[in-house]
Ligand SMILES: Nc1ncnc2c1ncn2[C@@H]1O[C@H](COP(=O)(O)OP(=O)(O)O)[C@@H](O)[C@H]1O
Ligand SMILES: O=P(O)(O)OC[C@H](O)CO
């Protein structure tokens, strides 16, 4: 009898394996960090082999911790950092270059050229995306250009491209399955999100051979089985979704108009728009949320590059606090921000600004500024960036939002959640289980193998824990000054 589902959560800085039981509860977790490579300013790479070995370790570790065997696992679900690009040799199973991470900006210049050549509209219309180094296509192009002989090998069908989900699937199945799901495919800038196929015109534009692309399947689907040698028995792999889409599913935002925000390293706001792919007029992304039982759900997304990382930066780079949690008590030590604003444009600004040339900016400092004011400004920065995306989402969708479901590390911060409610006027809802990213992939895999019968059974698992409602505080000045501060942070880097 198979009692559990395992989710593989392959994140940007660490990988986890999480064991879920039939009640949708987390039974056990194993987590391990892996190395980040920064070979040049703006470049971020991972070792593909380390991604695989780290993930394999966590799966074996979680089984051992709980004293269960592979036979007890009904299915594996995969959720992953998106856009990160890997290319490997089909015969040897070895990557031909390191994984180029979603944060990597090396192809920003090439992307500017694409914009200047007038390709933005076509790309947005087909893929729902805005031209940016963030997505996979320009990264694949870079590998094919820079690794000797790569283009020819790719044309001959010798090379495979995949995002992290595809890479892990390939490794788990010992090279038997080369596939991805629609949500990950929709982040490559090569996938037509309307007819659900790799787009020939875009492949021509980026000069990427079709032969290297994975098969695209539903998010809840049987992909294959793990090779027996890895965990002692074959386990079905039955669900895949990009981490932000998976969190939307885990939060049970399954109806049009429902929105979640994940406060991790970045903040990722995603709104379910149902069967409608809404083209944003305000620089949000249109993306595929998932495909389940043949039905595709679309979403609008606002990706904010620096969220919880602002707190991490205060902790690790300038030793302002000892722990991330300490930021809350420090921020509570003052009444307000004392006029201080902190725009975290460390890697440029994402949605809705998309300014590759902004930097971090702290403004409004006076002789009276105290530590607490800076802590408060940092938390307000998370909330105000998210507010900008929410305002934009309401405009694009025409939907009057009422509620925002939250998860991710920084959602544990009650003060931040209260500020979020005050600046958006929304009811902020934090669920009992904040492991929604992993839970989403577990649900997708569990549905495919009948571990859970249907959506109603899953819906009953999600439960709210805490609500934060607007306090009625006047936030107009805060919003006004934030807008002024953001404008000053923009276009700072001169190339
Ligand atoms: N209590 C807190 N208040 C504010 N930020 C926090 C708090 N706890 C964690 N964080 C921030 O949240 C991030 C970790 O969240 P997590 O969801 O684990 O991120 P990720 O999955 O992106 O690695 C870190 O950047 C950390 O600084
Ligand atoms: O690994 P995370 O949680 O920082 O998420 C990364 C996103 O998928 C990037 O688009």
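Backbone N, Cα and C atoms are what each Cβ position is placed from, and that goes for glycine too.
Curation plays no part in TrEMBL annotations; they are all automatic predictions.
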- sn-glycerol 3-phosphate site partner of 82, 83, 134, 243 (as recorded in TrEMBL), chosen from 12, 13, 359: 12
- Mind looking up the mean pLDDT for the domain 'Carbohydrate kinase FGGY C-terminal' (260-448) in the predicted model? 94
- Item | Listed binding-site residues adjacent to ligand 1, that is, members of 83, 308, 413 whose C-beta is under 6 A away | 308, 413
- Item | Filtered binding-site residues, from 12, 265, 308, whose Cβ is under 6 Å from an atom of ligand 2 | 12, 265
- Task: Could you state the whole-number distance in Å separating the C-alpha atoms of residue 243 (sn-glycerol 3-phosphate binding site) and residue 12 (ADP binding site)?
- Result: 10
- Name the one residue among 13, 82, 83, 244 whose Cα is closest in three-dimensional space to that of residue 308 (ADP binding site); these are the binding-site residues. 13
- Relative to the mean position of the Cβ atoms of 12, 13, 14, 265, 308, 312, 409, the recorded ATP site, which additional same-chain residues have Cβ within 8 Å? 11, 264, 309
- Note on the structure: Simplified to three states, DSSP reports residue 83 (sn-glycerol 3-phosphate binding site) as coil
- Ranked by the number of other Cβ atoms within 10 Å of their own Cβ, which of the binding-site residues 16, 82 ranks first? 82
